[in-house]
Structures are given as structure tokens and as C-alpha cells.
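Read through the structure below, which is laid out as C-alpha cells, and then see the notes.
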Amino acid sequence: HTGGLLFNYVTSEGNLMHQILFRGFIAKGREQCGRLTICNKLCYAVGGAPYQITGCALGFFLQIYLLDVAQLDPFYASIILFVGRAWDAVTDPIIGFMVSRSPWTRFGRMLPWIVFSTPLAVVSYFLIWYVPVIEDGKVIWYLVFYCLFQTLQTCFHVPYSALTMFISEDQKERDSATAYRMTVEVLGTVIGTAVQGQIVGMANPPCILAPGDNVTTEGLNSSLLLGQEVNTTVISPGITLDQTKTAYMIASGAICSIYILCAVVLFFGVKEKKESPRPRSELMSFWQGIGLVMGHRPYVKLVMGFLFTSLAFMLLEGNFALFCCYTLGFRNDFQNILLVIMLAAMLTIPFWQWFLTKFGKKNAVYIGTSSVIPFMILVVCVKSNLIITYMVSFAAGVGVAAAFLLPWSMLPDVVDDFQVQNPDSKGHEAIFYSFYVFFTKFASGISLGISTLSLDFAGYITRGCTQPENVDITLKVLVSAAPIGLILIGLVLFRSYPIDEERRQGNRKLLQEQRENEADSETDSTELTNMV
């Protein structure tokens, strides 16, 4: 009897050791399988560049292009900008809904969307920067291709954003890949501003002197003006409008080439891993998703706060080129000023990353967002001076960096808080991100439409060498007074944001305990199955 007990004990111990070694071998295999090489991470990060490059080019230059190169009435330009941004906002949740229901292929679920949308996206983007011969069809032309590009770019960017969850099962590897991605995306904003700005800056659109203007070449910052009579007094010819149109097409062609190259690198450098089978919450409709996110108060307060601060920087982005050209008179330098803003943003993002980890995210919001206010006031109060403008632009870039980084750094905290309060509701992370993008894009469309329409009411003169005083005042409001007001409203709303550092750390510990409990449950189930 004793020998039998000893034999059973040794046998059970041997099985237990075998199970431990086997589970350790499986865990190590999964860890090795989930690891990403630096090349994989770089290829994944490169896929984020097209969205930022085209976004910067359109954000900084589309308004001035429609007004001074395509020569559209400001009213119609405002319609194009508003409808395009609003349509872009609507397509995000719709495309996300379609992507989540797309079948798995041998290339994955996300990568086919990226591959098939890229050729059509670059064609539609190129045609945005082409001035059609038919004068009466310009508005329809730009409206159709702007909305078409926004749709196709969404077909690229939404699957790309979701691809993070499918490149590795290791959370640390995904976080590392995301850090690579954020770095490349910030670099993409610099590339977009540099490529578009420097090419277009070599062929600034010629302007026409209105009767009564007393402007010298030096007063226009040595701009080259069009020698043409349209009931005006005209300055001698230099760069023609056709050359300016060609410059915009060359810039768009260069950006299209970069777009295609990034898509190819992403496709061949990243392998999408099939989603492991696990319980998923029931798929929600569009309106159910709105009810879910709006029912979580920290999310609502965070989105409302960032909605106003984001609108402030969008107004600054959309109108700063016109402000530099007409109010400050730097027609030949505005592209360099924009480049300084984006370079400053790229260089100071590591600082804000350190600041928010050292002093907390709410403090980073208050200091980072408000730091740009004194310089917004300075740029409209001080007499036009190129050196001061460059200094103000660099300081504004510091604030832009904070505005770029902080929303994406604080949204995960809200999602964690939701998961702590709703432990049985899983798989809804994408809803929080998609609706944040939806609200900000829709609001940005309204702001751009209203700002361009306000220029029309102020009496904006298409291709004018100078603008009426009302236009100068309107531009000062759009790049200074209005953004400052929106920033202050956003900061007031942030005061009621309930997730501070203490609550954030508490949520992190609770989620870690939940994951450990789930892992223990899975281990127990596996052991029970092996015993049976």
C-alpha cells in the first residue's frame, strides 16, 4: 500500500513538472513569436506618415490655394472646406464598422484595405491640386475629389490604427511599436510642411494691385507680382499663375510618391497576425456606440476640453498662411514660418512626454496649452518683424506639440477607467477613439467653414496684393483672439476632469489584478483539461 502511494506521488510530481516545463516552453515560444524586430517596428511606423503628411499639406495650404490659385469665391471655398471635413468625420465610424466586419484573408484583415485604397487615394489627392479648365465646374470638382480623398484616406488610416492590435500579442511590443509610430508621424508633419511649402514657396501666386494701392515691391516682401490688367494698376510680370499651378501639382506629385512608398513599406514589412479566439461583446450600432461613450462622464469631459483646445489650434493652422501673407506681409517667407512651427513641435514632444510623467497629465495640459497664449497676443500686437515672427512661431510650435501629444496620452486613461467600472464590457476601445476623431473632425469642419466665410463677409479680395482693413482685423481674430478664447474655455472644462494621477494609478492596479485573475482562470481551465 505504501509503495503504491509513493508510486502515485512520484508519478503525479512527474506530471506536474512536465506540465510546468511544457507551459514554460509554450509561454517562451509565444513571447518569441510576439517579438518584433526594429525593422518590423520601423516599417509599421512608416505607415503612419501618409496621414500626417497629407493632413499638414491640406491644413496649411488648401485654403490659400482655393482662394488665390483656384480663384474660388470665399463663400464656395468655405463650403468645400466644411463639407470635406464633415464628410471625413462621418466616414470614420462607418469605415470602422465595415472594417470590423470584413473577412480574414491570407494577407490579413487590415492590410487589404490599406493596399486597395492607396492607388485611388493618391489619384484623388493629386486631382485636388489640379485647376480644371472648366470654370463653372470648379466647385463640384474640388468638392468631389476632396470628399473622395478623405474617404479613401480613412480606408487607409482606420485599418492602420487598428493594425496595432494585430502585429503582436505582446503588450510591450505593441507599446514600443506605437512609440516608433508617434515619432514617425511627427516627422511626417515636418515632411508635409517642408515638401509642400518649399516647392510652392518658389512660385508664390502673383497678386494684383487694386486701384488706390500704394505698395512697393519691398512693402510686399519682394513678392513677384502678375503683370496683367483687370481694372487695376499692375506691377511688372514675374512668376505667372500657371507656374504657381504647376508648382502645386509638383508638390502634390511628390507627396503622392511618398504616400505610395510608405504603403509599400508597410505591406511588405509588417505581417498581420490572426486574432486569437476569445469572447467578444456584442457588436454595437452607431447610435449604441454614441450612447456608450456619452454615458461615461470622464470621457465626455475630456473630449469637450480637447474639442475646444483642438479647435483653437485648427483655426491657427487654417488661417496662419493667409495671416503671414497679408497681415504681416511675408509672402515669400510664410512657408518657412510654418516649417519652424512644425520643427519646434517635433523637437519638443520628448520634453512634454517627460513633463507629463514627472508632473502629471493635467498639469501638462494647463501649462502646455496655455504656453502659446502670450505669443498669440504678441504676434498681432507687435509691428511686423520677421525675426519676432520666427520666435513666436517656434513658441507656438511648443504648444502645438502639447496639443498633438496629450489627447492620445490621456484617452487610454479614460478607456481604463471605463473598463474598471464596466469589467464585463470588453472590446469597445476602438469606439472611444473613433468617436473622439469624429467629434474633432466635425468641429474642425465647422471652424474652417466659418473662418473662410467670415473672410468673405470682411471683403476678401482674391489674389489681391493687399486686403481691406476688415480682412486684416478678421485674420487677427482668427489667429489670436478666437483661439485664445477657445483655449480658455477648454482649460475651464478640464478643471472638472476627474481622472487625476491618484485615480489613474489606482485604475492601473485594478486592471492589472483583473488581468492576473483572468490569466489564473485560463491556467486553471487548462490544467483541468489536461487532468481530464
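Positions of Cβ are set from backbone N, Cα and C atoms, glycine also.
Database features (TrEMBL):
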COMPBIAS  508-518  compositional bias 'Basic and acidic residues'
REGION    508-532  region 'Disordered'
TRANSMEM  111-133  transmembrane segment
TRANSMEM  139-167  transmembrane segment
TRANSMEM  247-270  transmembrane segment
TRANSMEM  302-330  transmembrane segment
TRANSMEM  336-356  transmembrane segment
TRANSMEM  363-380  transmembrane segment
TRANSMEM  386-409  transmembrane segment
TRANSMEM  430-453  transmembrane segment
TRANSMEM  473-494  transmembrane segment
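Outside the transmembrane segment (473-494) by six or more residues, the chain places 301, 304-309, 311-313, 315-316, 318-320, 322-323, 326-327, 362, 365-366, 369-370, 372-373, 376-377, 379-380, 451, 454-455, 458 with a CB less than 8 A from a CB of the stretch. Most Cβ pairs within less than 8 Å of the transmembrane segment (336-356), among stretches 139-167, 247-270, 386-409, belong to 386-409. Comparing 139-167, 302-330, 363-380, 430-453 for CB pairs under 8 angstroms to the transmembrane segment (247-270), the maximum falls on 139-167. Beyond the transmembrane segment (430-453), the same-chain residues lying 6 or more positions past its ends with a Cβ under 8 Å from any Cβ of the stretch are 63, 67, 74-75, 77-79, 81-86, 88-90, 92-93, 96, 100, 158, 161-162, 284, 289-290, 292-293, 299, 303, 306-307, 310-311, 314-315, 318-319, 407, 411, 414-415, 418, 478. Simply put, out of 111-133, 139-167, 363-380, 363-380 has the most Cβ pairs sitting under 8 Å from the transmembrane segment (302-330). Sorting the compositional bias 'Basic and acidic residues' (508-518) by DSSP state (H, G, I as helix; E, B as strand; all else coil) yields 11 helix, 0 strand, 0 coil.
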